[in-house]
């Protein structure tokens with residue numbers, strides 16, 4: 001048994017020795033092959049390089065200039081020596097104020113809101129200053145242009161928009177920021193901004209008004225002792241796009257001004273103003289407000305020519321015009337801020353509303369006086385002696401018809417009150433048996449049977465007064 005185990009152990013040792021000898025031999029062969037390849041490839045590589053140089057010398061098109069961006073000594077940060085300076089302080093710190101010129105190109109006026117009293121503007125804001133820390137050597141005097149990534153590493157003016165509600169720098173497809181540096185250190189910093197700013201509007205002449213708004217630019221941290229802000233080319237520093245247009249306004253003027261702003265806690269600051277004047281288009285409001293209001297007033301006058309006994313016709317006409325005027329007034333005020341003063345459109349609408357309301361009151365007066373007249377006629381008819389023997393003028397008596405001419409021609413009777421209407425009623429009753437003359441008078445009376453004196457006067461007074469009001473109104477506000 002022991003002999004069997006010794007045999008197995010001997011076989012295992014033989015196999016292990018054979019495996020180790022095989023691996024050593026393979027390793028030596030690999031090293032020899034690698035050395036032979038290195039010795040043989042060196043002249044081939046030299047021949048290929050020589051062949052490539054000859055090919056390049058023969059084909060100048062394939063020559064490539066060295067890529068300076070790969071050289072660690074020509075990087076823009078090292079060329080501008082950004083790491084050698086502290087850009088947290090302004091240029092020339094401790095000396096006189098640094099002048100910063102500004103020019104603006106207005107791209108668009110996006111909206112004007114009367115309710116919020118603000119405007120939205122998109123513009124290109126450009127700053128010009130000189131920072132000797134950014135000067136660099138240049139043989140061809142060419143400037144270098146960068147995007148917004150370098151702006152975060154150097155000093156730039158800290159401008160902000162006074163009285164702005166919302167503002168942002170456009171970032172599609174990247175931040176719309178440009179930095180251009182001249183060899184002598186002059187810097188151009190440009191950015192594209194959309195800003196919504198407050199505009200104090202006066203609506204006392206609305207919609208015949210003219211509004212003046214301004215966008216104000218100022219440094220937030222640096223007073224006039226550290227930063228002198230000015231328009232680079234005076235009034236020519238402000239450029240506008242010729243395609244700028246607004247639906248409700250006509251842009252009359254763009255101009256620039258410069259003032260000093262004082263804060264009690266921090267001091268005096270230079271402030272730049274972009275002023276523009278807007279005149280409102282009136283045609284829209286003529287169609288939507290003035291013409292409908294005028295037509296409603298004229299429609300209320302139609303009741304003066306309608307039979308005073310036609311209550312179902314005159315009353316709904318007056319109520320409809322009153323409600324329509326109320327709707328027009330409500331619609332106009334819904335799109336306006338709730339100011340505490342009277343606007344020009346309010347004057348026109350409320351005067352028109354008064355005219356419409358007075359036309360309703362006019363018919364109420366006519367109806368009341370007619371009722372009083374009928375009551376007096378009824379009392380007078382009951383007092384007449386022997387009224388039963390007289391033919392009753394049914395059509396005329398029931399309708400209360402009369403004519404002044406007939407009274408003058410027939411009248412010799414006076415009632416106790418001496419009223420003209422009572423005398424007419426009696427004389428029409430007494431003259432009812434005059435044959436053909438009676439029929440002639442009846443035909444004449446029927447033509448003016450339902451016309452009241454108030455209606456006749458209203459046909460002239462109401463249109464005349466409204467025309468006079470329009471003349472005064474448009475002469476003042478236009």
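Just so it is clear, glycine is given a Cβ too, placed from its N, Cα and C backbone atoms.
The compositional bias 'Basic and acidic residues' annotation in TrEMBL covers 46-56.
Sequence annotations record features per position, and here TrEMBL assigns domain 'Neurotransmitter-gated ion-channel ligand-binding' to 82-281.
For 289-396, the entry in TrEMBL reads domain 'Neurotransmitter-gated ion-channel transmembrane'.
Feature annotation from TrEMBL assigns region 'Disordered' to 37-69.
The signal peptide feature in TrEMBL is assigned to 1-21.
If you look at the transmembrane segment (282-305), the same-chain residues 6 or more away from its ends with a CB under 8 A from one of its CBs are 207-208, 248, 313-314, 317-318, 321, 324-325, 328, 332, 345, 348-349, 352, 355-356, 359-360, 362-363, 455, 458-459, 462-463, 466. As annotated by TrEMBL, transmembrane segment applies to 282-305 (among others).
Annotated transmembrane segment per TrEMBL: 317-335 (among others), in sequence order.
The transmembrane segment annotation in TrEMBL covers 347-369 (among others). Sequence-distant neighbours of the transmembrane segment (347-369) (same chain, 6+ residues past either end, Cβ-Cβ under 8 Å): 289-290, 293-294, 296-297, 300-301, 303-304, 308, 311, 314-315, 318-319, 321-322, 325-326, 328-329, 332, 452, 454-455, 458, 462, 465-466, 469, 473.
Long-range Cβ contacts of the transmembrane segment (457-476) within its own chain (Cβ-Cβ under 8 Å, at least 6 residues beyond either end) map to 297, 301, 304-305, 347-348, 351, 355, 358-359, 362. Summarising the annotation, TrEMBL assigns transmembrane segment to 457-476 (among others).
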Other parts of the chain folded back onto the transmembrane segment (317-335), taken as Cβ under 8 Å at six or more residues beyond its ends: 114-115, 289, 292-293, 296-297, 299-300, 302-303, 306, 345-346, 349-350, 352-353, 356-357, 359-360, 363
PLDDT averaged over the residues of the domain 'Neurotransmitter-gated ion-channel ligand-binding' (82-281): 91
Summary of DSSP states over the domain 'Neurotransmitter-gated ion-channel transmembrane' (289-396), given as helix, strand and coil counts: 87 helix, 0 strand, 21 coil
